[in-house]
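J.: Below you will find the structure I want to go over with you.
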């Protein structure tokens, strides 16, 4: 399959401005000559190559948070230790993924990898050139000569290669969070230690996936936190627990937003949200599985404490998963051994249709500057920070909140399962609808409205059934917001460097409110928890306001650009590499 440029060149040479194509909105596939079947095939192949390992990695990292139990000062300091390194390392970590050539880290396998990727690089060049020549109003599949059947087949192959590992990764990472249970100060400090390194390491950790092969960065992060989680099971004192939590946060910071960046390398804008919903949905399933696992382990008769058994159960398999990610997760489309030459050309043509053609070597510092100076970065990061406060509150105190409804310790773990299970199903429907409608903001405001309803109900009534229903609203609203916000960022950043830094900001700056989560549910407030409920209610309402303002701004800016530039022509080249989201022809996703 190739990109036929001759018809366009002949029109240009003849001086004709009428290329024989009707001036009406053209279909994505017709405009770029893309065969929907081939596209779907490519997407399946991408998902198969990327998602499994990245999801498994993230899942493993999340599992440990649910094991901790406490609320005293030492516990809070332990939690804080994590956030310190996580916040400080997020921006440099994200930039590191763009700073150097990925192949420099390949070592002995460099020559072999370069040889097998020649066909992929050639296909990338052809797609790159085609993106600049075919600027006429034709269908996406037609312009890039893509067979829709082959595209569908490719998508299935991608999904099979990518989704399983990435989904399992995220599920494993979330399970540890669901195991922890407590409300004293030591418990709060232990939780906080995780966030310190997680926040500080997010930007450098995300950039690491740009600087070296993504599978090395993501798999390495999974191995680090899995090792730390296993060591946590053997900790004998408070200091040891805090140190382990710091390393758990460091490991997770390497793949938290790195997986989102990795998805954006393989999938088009309208394909990413529903796949992120499956990825993030593992966090909701982790809530369900974590409760079930904790319930089952509580009935095991052993001389070892239950929480130690739980961390061993989630830590050891996650280490194996990290090794699998390093070995088998596809790295980049133009040099992946999972795609043959035809599939590589098809995939690069799909990406070129959305001007995703920035080179993958080094960091585009203009893109970094744009991400740091754009006020939209901080507005969306604030929305994400509101969600992170909710998530941190859920991860550390949800079982305790359930117990406040009148259930025993063991039953409280079991009753955390239904809200997470419902949230997982809802995420798939909501994010698929967002992809089809090509909008993000209204859905973001909508799911935060569920949080407002949930916390208002917890504050306003003592009815146990109503309060349990409120828990459903909170879990659903919290988890549905994550892939929507991440997709919103990915869609509205012009270049990979801008996207990497903005995604890093989500986990670094966006995680600061999580620092207070361990301290807003003090034991003295039990079982009403009015302080914690009220703060989360206020942040949820603020997120809705900011989301609505962002929608209004994007709508106004798109209309202004249409007046000044005229509406973008189908197939128009948009120089996002040099001008990012300010490029003529670029339009924001509402």
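Placed from the backbone N, Cα and C atoms, the Cβ positions cover glycine too.
What TrEMBL records for 145-560 is domain 'Major facilitator superfamily (MFS) profile'. Taken from TrEMBL, the feature transmembrane segment applies to 46-63, 75-96, 158-175, 187-208, 215-235, 247-266, 278-297, 309-329, 378-402, 414-431, 443-460, 466-489 (among others).
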J.: Let me check one thing: do the transmembrane segment (158-175) and the transmembrane segment (414-431) come into contact, meaning three or more Cβ pairs under 8 Å with sequence separation of at least 6?
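T.: Per Cβ check, the transmembrane segment (158-175) does not touch the transmembrane segment (414-431).
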J.: Is the transmembrane segment (443-460) in contact with the transmembrane segment (378-402), using at least 3 Cβ pairs under 8 Å (sequence separation of 6 or more) as the test?
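T.: By the criterion, they touch.
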J.: If we call contact 3 or more Cβ pairs under 8 Å (sequence gap 6 or more), are the transmembrane segment (414-431) and the transmembrane segment (187-208) touching?
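T.: Judged by the Cβ rule, the two regions do not touch, with the required three close pairs absent.
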J.: Quickly jot the same-chain residues contacting the transmembrane segment (466-489) by Cβ under 8 Å, restricted to those at least six beyond its ends, or write none.
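T.: Same-chain residues near the transmembrane segment (466-489) but 6 or more away: 257, 260, 272-273, 276-277, 279-281, 283-284, 287, 380, 383-384, 387, 390-391, 394, 398, 401-402, 405, 415, 418-420, 422-424, 426-427, 430-431, 434, 440-441, 443-444, 447-451, 453-455, 457-458, 499, 502-503, 506, 536, 540, 543, 589.
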